[in-house]
Amino acid sequence: MGPLLVWHRGDLRLHDHPALLEALARGPVVGLVVLDPNNLKTTPRRRAWFLENVRALREAYRARGGALWVLEGLPWEKVPEAARRLKAKAVYALTSHTPYGRYRDGRVREALPVPLHLLPAPHLLPPDLPRAYRVYTPFSRLYRGAAPPLPPPEALPKGPEEGEIPREDPGLPLPEPGEEAALAGLRAFLEAKLPRYAEERDRLDGEGGSRLSPYFALGVLSPRLAAWEAERRGGEGARKWVAELLWRDFSYHLLYHFPWMAERPLDPRFQAFPWQEDEALFQAWYEGKTGVPLVDAAMRELHATGFLSNRARMNAAQFAVKHLLLPWKRCEEAFRHLLLDGDRAVNLQGWQWAGGLGVDAAPYFRVFNPVLQGERHDPEGRWLKRWAPEYPSYAPKDPVVDLEEARRRYLRLARDLARG
């Protein structure tokens with residue numbers, strides 16, 4: 001019989017990989033990545049980021065003497081094809097809890113001539129908890145600290161290599177791909193920024209954060225390892241940062257239990273909200289031409305870099321939903337495809353939270369003032385000057401809507417719905 005196949009999906013790494021180590025304990029392995037067209041229907045920047053990290057994973061296999069197959073096509077066709085060609089004894093992978101991942105894995109299992117073994121992914125809390133939580137705090141209280149992460153294999157058995165990895169022009173500079181770069185970034189953050197994370201995490205320029213989200217989104221960096229290393233250092237910064245990592249798992253938990261949140265608000269009252277299909281307003285928001293400095297700077301940075309701080313994301317999202325009344329789903333999708341870290345579950349949770357649509361305890365009547373938010377979280381205006389230099393301050397300049405009138409309009413509509 002042949003080797004065991006280790007099928008990498010949202011886990012483009014060798015460290016802290018239960019499926020890889022389980023397979024290695026049972027025999028020689030060959031890695032596999034399937035370039036799934038269902039996941040590659042996105043922007044060039046996101047395709048390029050994914051492909052460069054697949055390339056880095058292949059190099060990691062090679063450096064340890066192993067081989068990674070890369071096949072292009074539908075997983076329920078290509079995984080069985082690889083298993084047959086290699087005469088594989090079984091396929092190992094980490095469990096996916098997304099709606100598409102569960103559908104995909106069911107079809108692959110049906111088509112495979114050998115067993116498919118799915119092992120738990122190293123979440124901080126498993127998304128498939130039997131009780132469904134809609135509020136973050138009781139969910140987070142279940143967390144008791146990170147379990148020790150698993151080490152990467154020192155060596156991998158030799159095997160045949162198959163498949164080419166295409167090139168894609170991202171249209172913008174990308175971070176250094178691969179888990180070595182991710183681990184180096186984690187070390188740098190823990191040493192230099194974690195001690196002040198609690199005080200600086202809300203900076204609009206994102207310099208108080210880790211900037212590791214593009215690696216987490218593809219599983220290039222294990223969240224369990226990240227939490228473990230942060231908790232070893234301790235302090236308020238570590239506590240706050242691990243809480244943010246738990247928000248990621250809360251996002252997966254929500255999408256697992258409420259898969260329909262991808263299409264409609266968690267709060268059923270807001271399914272009847274009168275969103276405004278205004279193409280001119282949508283384009284003004286999307287292109288960063290609203291006349292509202294914080295929003296314009298945020299959208300321009302996102303277009304230019306594929307990254308945005310959490311504080312800027314919340315403000316850009318809430319302005320679209322609450323001030324402009326734009327359809328939240330269209331905006332969420334457009335926003336996600338600009339992000340290098342465009343994780344569907346995380347972005348859906350973020351937009352429904354910012355929009356007051358039922359995620360967590362975020363009240364619908366909370367409406368950020370983008371002027372005060374800018375002054376508070378970029379007090380010297382350096383971030384604003386970099387991305388929207390035509391604005392001397394955070395005061396609006398010929399805005400597409402009057403901020404106070406738009407706030408009152410939204411609250412009137414939302415309260416009418418909330419009261420039934």
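Here the Cβ of each residue, glycine as well, is placed from N, Cα and C on the backbone.
Record check, Swiss-Prot: FAD site residues include GLY209, SER210, ARG211, LEU212, SER213, TRP241, ARG248, ASN310, ASP341, GLY342, ASP343, and the candidate from TYR197, TYR256 also listed there is TYR197.
Take the CB of TRP328 (site 'Electron transfer via tryptophanyl radical') and look out to 10 A: across all protein chains shown you find 23 other CB atoms.
The highest number of surrounding Cβ atoms within 10 Å, among the recorded sites TRP275, TRP351, is found at TRP351.
For the region 'Interaction with DNA' (244-251), the model gives a mean pLDDT of 98. Mapped onto DSSP helix, strand and coil, the compositional bias 'Basic and acidic residues' (159-170) counts 0 helix, 0 strand, 12 coil. Taking CA atoms as the reference points, GLN373 (DNA binding site) and TRP351 (site 'Electron transfer via tryptophanyl radical') are 18 Å apart. For TRP275 (site 'Electron transfer via tryptophanyl radical'), the nearest neighbour among the listed recorded positions (ARG201, TRP328, TRP351), judged by C-alpha distance, is TRP328.
In this structure the C-alpha atoms belonging to TRP328 (site 'Electron transfer via tryptophanyl radical') and TRP351 (site 'Electron transfer via tryptophanyl radical') are separated by 7 Å.
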